[in-house]
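**Q** I'd like to ask you about the structure that follows.
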């Protein structure tokens with residue numbers, strides 16, 4: 001069944017409770033932050049229908065779409081935009097895409113995670129839709145009332161969205177933890193639905209909509225492009241990237257985070273932090289000072305301008321505890337601080353503090369901590 | 001070419017802020033204010049581009065109350081050529097700020113607009129992306145390196161993204177928002193502070209620019225974050241491990 005992509009409003013869901021989520025994926029699977037965003041969307045309303053929008057190209061996109069369909073029981077729809085234009089997540093074509101998808105379905109909410117992906121794209125979409133977005137939502141009170149931190153997390157602001165357009169949010173993923181979903185009929189459903197649907201590729205310049213699979217609540221839509229992406233879209237080109245491949249868990253979602261500051265003094269010494277992280281099965285973080293000094297790459301920075309973490313155990317070695325750093329760790333369950341300076345501000349937020357030389361404490365910890373599997 | 005830099009006056013980054021008892025906001029009376037750190041970096045980058053001979057003029061813009069002139073003077077003392085102050089008594093959402101910047105850009109015709117990646121007061125991280133959208137220009141956010149090619153009329157930008165660094169190439173005109181590691185902003189020297197006093201600052205109002213003011217977000221209340229329970233100091237590694245194992249159950 002073909003739908004004319006002309007301005008006529010789509011006959012689809014009620015305008016009240018439809019959420020569109022900008023999904024982030026990498027090498028065939030969607031990112032955990034996107035699943036957290038689904039968890040957040042789920043608390044917007046009981047009858048809310050949730051659509052995930054994936055863009056990219058080729059087989060890894062299709063794999064990711066399949067996985068997206070089963071990532072959470074409340075996802076009702078996966079929209080896939082497969083085009084070379086989306087090979088890399090550039091803001092210009094992505095923003096046009098969301099604007100376009102929004103013309104087809106009347107979404108009450110448009111969400112993305114507060115990752116560099118979401119923060120790059122969502123405000124651009126919001127401006128195209130003439131809507132004020134809300135950054136870094138940590139709590140959803142009602143479908144139009146949210147709490148977000150301001151001033152590096154030193155104050156919480158409760159806001160109400162009063163505009164007419166869709167309510168647009170970026171979600172702080174650490175505030176919406178993903179609870180593991182048991183393998184039941186739900187997850188099986190998704191696995192089945194993706195296989196055939198990825199074959200539907202015909203019909204350029206049209207919409208292939210709603211291929212109902214009996215008994216399954218998932219639809220796949222294959223979007224192609226009846227609109228010119230030219231304009232600002234081609235004015236930006238992807239050149240390359242340098243990523244650090246690590247075996248360690250992702251900093252944003254790790255259960256344990258071990259952080260080092262300037263006091264580590266060198267790249268070599270920082271290896272002690274890495275060893276300890278390995279021993280505890282945790283991720284490595286760093287302060288701005290440690291990153292600026294070149295001990296570790298910038299994507300390990302924790303704080304207001306780096307990553308926000310909320311692990312079960314956060315251990316800080318040689319970290320003074322500047323406002324900007326504390327902004328990134330305050331929601332950790334247990335904070336341990338080891339510092340030579342008994343007056344370091346980090347001790348004010350630490351559950352367990354130890355005044356001592358980290359060059360003695362870390363080796364002792366390495367020796368005495370129980371081995372993790 | 002001309003570069004436009006947007007600078008915001010915010011509570012100084014080192015100040016420990018206080019939430020007002022009536023929960024209407026954060027106390028900004030008698031608090032040290034300064035230029036948002038990311039805006040300093042944005043301005044510094046524009047100045048370096050000018051010093052490298054790629055730009056003729058750097059224009060600093062600030063939107064807000066009359067005291068924003070101080071922020072602009074700081075920018076002029078760093079080396080900006082002139083300032084534009086859009087005076088308002090109310091504070092605007094990033095979307096309105098973006099619209100104001102767009103109308104200024106339409107008059108000034110810059111080839112580059114630099115902004116900080118976020119302001120440290122509202123922590124929004126939106127304005128740059130919105131200006132780019134409204135102008136239909138490409139954007140390069142979270143920049144940690146900017147290389148201009150004058151002949152090809154493009155900027156190659158390294159961006160700090162979650163997994164590491166990403167490199168983009170954008171056609172000019174473009175909007176670039178700056179991350180911490182782009183540069184180390186300079187201090188204004190005393191002679192330059194004196195010189196800045198005679199540099200022009202053009203006053204404008206929102207009415208002059210015919211911008212429609214969007215206020216679709218209402219702040220209901222501002223509160224203090226929950227306090228953490230006070231912790232304990234331990235005296236040895238053994239005690240620490242014992243507590244983590246038997247009290248906190250995390251190892």
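FYI, residue positions are counted from 1 along the chain as it appears here.
Every residue gets a Cβ built from N, Cα and C, even glycine.
Quick paste of what TrEMBL says about this protein:
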- A:262, A:287-288, A:301-305, A:318-325, A:339: FAD binding site (BINDING)
- A:19-199: domain 'Electron transfer flavoprotein alpha/beta-subunit N-terminal' (DOMAIN)
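Can you walk me through where each of these features ends up in the structure?
**A** Around the Cβ of residue A:262 (FAD binding site), the number of neighbouring Cβ atoms within 10 Å comes to 17.
In the predicted structure, the domain 'Electron transfer flavoprotein alpha/beta-subunit N-terminal' (A:19-199) carries a mean pLDDT of 87.
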**Q** Hey, of the binding-site residues listed (A:319, A:322), which one tops the CB count within 10 A?
**A** A:319
**Q** Hey, does DSSP put residue A:301 (FAD binding site) in a helix, a strand, or just coil?
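**A** The three-state answer is strand.
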**Q** Minimum Cβ neighbour count within 10 Å among the binding-site residues A:301, A:304: which residue?
**A** A:304
**Q** Can you name the binding-site residues among A:262, A:304, A:319, A:325 whose Cβ is less than 8 Å from some Cβ in chain B?
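**A** Only A:304 pass the 8 Å Cβ test.
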**Q** Would you mind pulling the DSSP three-state label for residue A:262 (FAD binding site)?
**A** helix
**Q** Neighbour count, 10 Å Cβ-Cβ cut-off, for residue A:325 (FAD binding site): what number do you get?
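**A** Step by step: centre on the Cβ of residue A:325 (FAD binding site), count other Cβ atoms within 10 Å, giving 28.
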